[in-house]
Amino acid sequence: MEKATSHGLEGGEEPKMMSHHIEDAKEATNKEHSLTLRESFKAYRCAVFWSACISLSCVMEGYDYNLISSLYAFPPFQEKYGVPLENDGYTITANWQLGVSIAANGGMIIGGYCAGYLVEYTGYRKLFIGAYCFLTGFIFIPFFAPSIEVLFAGELLCGLCWGVFSGLAAAYGSEILPAALRTYLLMFVNMCWAIGNIISAGTLYGFVGNQTEWAYRVPFAIQWVWNIPLALLVYFAPESPWWLIRKDRLEEAEKTAGRLGDKNMGVDAKSTVAMMVHTNELERQMDTGTSYWHCFKGVDRRRTEIACMAWLAQAATQFGIPGYLTYFFQLAGLPVSASYKLNIGQTAIGLFANMVGQVNGRFFGRRTLYLWGLGAVGVEFFLVGFCSFAETNASRWVQAVILLLWSFTYSSTIGPTGYLLPSEISATRLRAKTVSMGRNIFYVLFIISMAVSPYMLNETEGNWKGKAAFVTAGFSVFWWVWAFFRLPESKGRTYEELDILFANRVPARDFSKFEVDPYADEEHVLRLNTSTRVNKLTKLFRRSN
């Protein structure tokens, strides 16, 4: 088996740690790799619980995303905030559909950026608790909104808090979970988003026959039910041990690691902290800082690209029609009741598909799931586009069925993996900022989608109907090509191992071909586990001493 040299540090420089700490760190790494899935759940059941609690914050983001886009087709909401049509009824103008949709996402961008900056000073717990407190107050604004302008302001302010949750939930989970559990718990973040979708769809369907103002006020009020108990749970949650290590609070980090792992299952808090310290020192030697600027320096620039593009793929494959499914079904000629039933069906399928995605994550790598997901989504949207040329009742139902299939494909591949990749790929010292930045880039494309989609779909504007699917299909093809050449496989890797692979500039398609031992001597840190392209690859990783 051929070998490659160095940790990827200048001059072969090693992280500065005492030898006995190195042994402790090595022991923790070996323990993490040796645990089976069942053993990991038993050994880290507390980490699983707290990661799930933090992830539940994303339920309300998914809830509001589906709520607002569905309310545009809701008659009482249209009558309150819309304008009368010439023939009969009311509609929310394309400009205000755009404005209200952009408001929440704009708030999320600001909130996400601030979260990535503030978390280095406050830690995760305090920031989450503060966001919950502010959100509880901000919900009063859309609940009592007398005009669409006030509703716009309420969505913007609520978005600030949702930006904190969506940017940091996955980052927190990635910092308290071992490699074997990251697949399931970080994908659970996307499942929470799907849970929010289905709660929203079910709530609105329950008010379909209600013509009073409570038909749209109660759905806003339901968010209060979620915030208060979750804020109390977060109060008792442990702080991220990685954050404590970056603050040189090693004793607290060891206590926190003891809370997260079960010593009766062989998890040693001291060894776990030693591994984290070793990784932190390794990244410091690689000149990985903690500011946003460092996300664009050296090897971290590549990691930032991957995190941002992984998030962008989510927005790209939801561009246009998926953001306005209920509205699209009605424009296609389906009855109001049928369109809301299909919306509930779509969200239920998405929730089930997330569970399937977690099973897929056990057997397939992140790269594999992403490539297959992007390819399948592209085919589905091409089919929707072609079906739109036959303007018959049968073709409308075929489009509806394909969009339900899209929901399954997206939610079992791209959706959950999109939360997982940025959290794994980013350096530990830049994790919160990289994840928040990637999520903000997602919101930028999402805002563009919200800006363009009403004009593509609205019957008083472009009225493209199913032909809008060709735009999403084109995006899917583009992101498939990017993922094929640039997306590495991170499944089963510790953060130290990923640091070394990136430091040595391993090509994306070759990540899975290497075995990494962060504690080996300089000549044996990286080793090819296949004879394929040995000469070319080993030449790539030689460093001058």
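Note: Cβ is positioned from N, Cα and C throughout, glycine not excepted.
The domain 'Major facilitator superfamily (MFS) profile' annotation in TrEMBL covers 50-491. Taking the domain 'Major facilitator superfamily (MFS) profile' (50-491) as a whole, pLDDT averages 86 in the prediction.
Per TrEMBL, the feature transmembrane segment maps to 47-74 (among others).
Annotation comment: TrEMBL describes 94-115 (among others) as transmembrane segment.
What TrEMBL lists as transmembrane segment is 127-145 (among others).
The transmembrane segment feature in TrEMBL is assigned to 151-172 (among others).
Outside the transmembrane segment (184-208) by six or more residues, the chain places 48, 51-52, 55-67, 70-71, 74, 76, 169-170, 173-174, 177, 214-216, 218-219, 222, 336-337, 340-341, 343-344, 346-348, 350-351, 353-355, 357-358, 361-362, 411, 415-420, 423-424 with a CB less than 8 A from a CB of the stretch. Marked as transmembrane segment by TrEMBL: 184-208 (among others).
Annotation comment: TrEMBL describes 214-237 (among others) as transmembrane segment.
Among the features that TrEMBL reports, transmembrane segment is placed at 369-391 (among others).
The annotation transmembrane segment is assigned in TrEMBL to 397-421 (among others).
Feature annotation from TrEMBL assigns transmembrane segment to 441-457 (among others).
Per TrEMBL, transmembrane segment is recorded for 469-485 (among others).
Against the transmembrane segment (94-115), the recorded stretches 47-74, 127-145, 151-172, 214-237, 369-391 differ in Cβ pairs under 8 Å, and the greatest number is found for 151-172. Contact between the transmembrane segment (469-485) and the transmembrane segment (47-74) is not supported: fewer than 3 Cβ pairs lie under 8 Å, counting only residues 6 or more apart in sequence.
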